Amino acid sequence: MSALRRKFGDDYQVVTTSSSGSGLQPQGPGQGPQQQLVPKKKRQRFVDKNGRCNVQHGNLGSETSRYLSDLFTTLVDLKWRWNLFIFILTYTVAWLFMASMWWVIAYTRGDLNKAHVGNYTPCVANVYNFPSAFLFFIETEATIGYGYRYITDKCPEGIILFLFQSILGSIVDAFLIGCMFIKMSQPKKRAETLMFSEHAVISMRDGKLTLMFRVGNLRNSHMVSAQIRCKLLKSRQTPEGEFLPLDQLELDVGFSTGADQLFLVSPLTICHVIDAKSPFYDLSQRSMQTEQFEVVVILEGIVETTGMTCQARTSYTEDEVLWGHRFFPVISLEEGFFKVDYSQFHATFEVPTPPYSVKEQEEMLLMSSPLIAPAITNSKERHNSVECLDGLDDISTKLPSKLQKITGREDFPKKLLRMSSTTSEKAYSLGDLPMKLQRISSVPGNSEEKLVSKTTKMLSDPMSQSVADLPPKLQKMAGGPTRMEGNLPAKLRKMNSDRFT
């Protein structure tokens, strides 16, 4: 641990914290006291550092009667002095009331005057006055049974009162003793051994701006299923003009990753990553001077020894959040075990941290980084782009004349107009050609020449077929279906041959 202290003391400036609220006084090795940071004026907190909520319910009116509907919980929630007062008062009143009932029975029967008569049988033997009646009740209620005072069989009203006393005594014992037991076994005192750091810090962790605070468990007994939650209390005004004095926002401390489920054996640092979803997205070191907020921390778990749920609370106001600080290490490896130094539990030291908010950092990064796809900046590049686009339309001029005529139709697929000389573009355009042309173009070799010759044959077949369909006389005049080209005039044959070259 001393080596760690020397290391961090040489690299950073250790900051000592105190709970007196007098401020932070940075100290370094070989340096005297530096300028003291004067904290801002203390403001009203919603939750104290000890977890007590500063809320008082007033003007309840008739709603106060609701407390009597749950009398047991009301007694448990009272302070100890009121519990002890009610406990003593209830037993005193019950004892005096029952002792008075026994004295009334003895008085109405005349046992007080005839108690010393030899052949007279009283209701309760040896009860002469109120003190003796009170002692008889205590002996009966506490089951002491000295045997000097006892009920006789000549007093039926005494037997009925004895039964009533037993039932009433059991009810009072169960109610008051149960209330005291529940109050004594409450895990509130268990929360006294759960520690929170006096300050929260904001610094970089894993390349991200993070809000951090520390929690610890002083006992060796574990907290089962320990879970931590954080609430941000901040005043705001809605777009409709409604003012919310204590708007509660949830701070993500690892709900999606399970980091909020704690194994609280040694002190842990709880982290809230400040990102676009965080309420602190636009919080910077400069804006913290004017911001007013309170971070409420709630730690819940099951006490291992009693099995009861325990909850510990604390809060951090804006003046208790240190920008650019980190917690001092408290765990060191000893021989055979890990040692926790709680004297450095609240200590922090300064680390390099950008004073900007996450929003400002992202904006600066966006402005400084080049674009992934730069825009065309000069006229030459724009001219080349236009030529490339025009070339797609000029590809049709390289087709045979018959295909050029076909592509001139308005209903012809536009994909054929963009046939390219590349293999990929050819394959893309072949889907719109006739099946015969697709099979020809798929044959390796001089595909262009084969395509032209086969196209000529395909175009001449309909002409031959049309001649074959003529009457025999006309077919004879035309020279048969297979010699139609030979019977054409020379000028037409030349024009027809030029169309396919």
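Here the Cβ of each residue, glycine as well, is placed from N, Cα and C on the backbone.
Annotation source Swiss-Prot lists region 'Disordered' at 1-40 (among others).
Under the heading region 'Disordered', Swiss-Prot lists 456-501 (among others).
According to Swiss-Prot, the feature motif 'Selectivity filter' maps to 143-148, an assignment based on similarity to another entry. Here the motif 'Selectivity filter' (143-148) has Cβ contacts under 8 Å with residues 125-126 of the same chain, all six or more residues outside its ends.
Look at Swiss-Prot and you will find 1-80 (among others) tagged as topological domain 'Cytoplasmic'. Averaged over the topological domain 'Cytoplasmic' (1-80), the predicted model has a pLDDT of 65.
The topological domain 'Extracellular' annotation in Swiss-Prot covers 106-129 (among others).
Only residues 6 or more beyond the boundaries of the topological domain 'Extracellular' (149-157), in the same chain, are considered here, and those with a CB under 8 A from a CB of the stretch are 105, 109, 121-127, 132, 135-136, 139. Among the features that Swiss-Prot reports, topological domain 'Extracellular' is placed at 149-157 (among others), with the record citing similarity to another entry.
What Swiss-Prot records for 180-501 (among others) is topological domain 'Cytoplasmic'.
Below 8 angstroms of C-beta separation, residues 75, 111, 123-124, 127, 129-130, 133-134, 136-138, 141, 155, 157-158, 161, 165, 168-169, 172, 176, 179-180, 183 of the same chain, each at least six residues beyond the ends of the transmembrane segment (81-105), sit close to that stretch. Positions annotated as transmembrane segment by Swiss-Prot: 81-105 (among others).
Summarising the annotation, Swiss-Prot assigns transmembrane segment to 158-179 (among others) and lists similarity to another entry as the type of evidence.
In the topological domain 'Extracellular' (149-157), the DSSP tally of helix, strand and coil residues is 2 helix, 1 strand, 6 coil. Only residues 6 or more beyond the boundaries of the topological domain 'Extracellular' (106-129), in the same chain, are considered here, and those with a CB under 8 A from a CB of the stretch are 136, 148-152, 154-155, 157-158.
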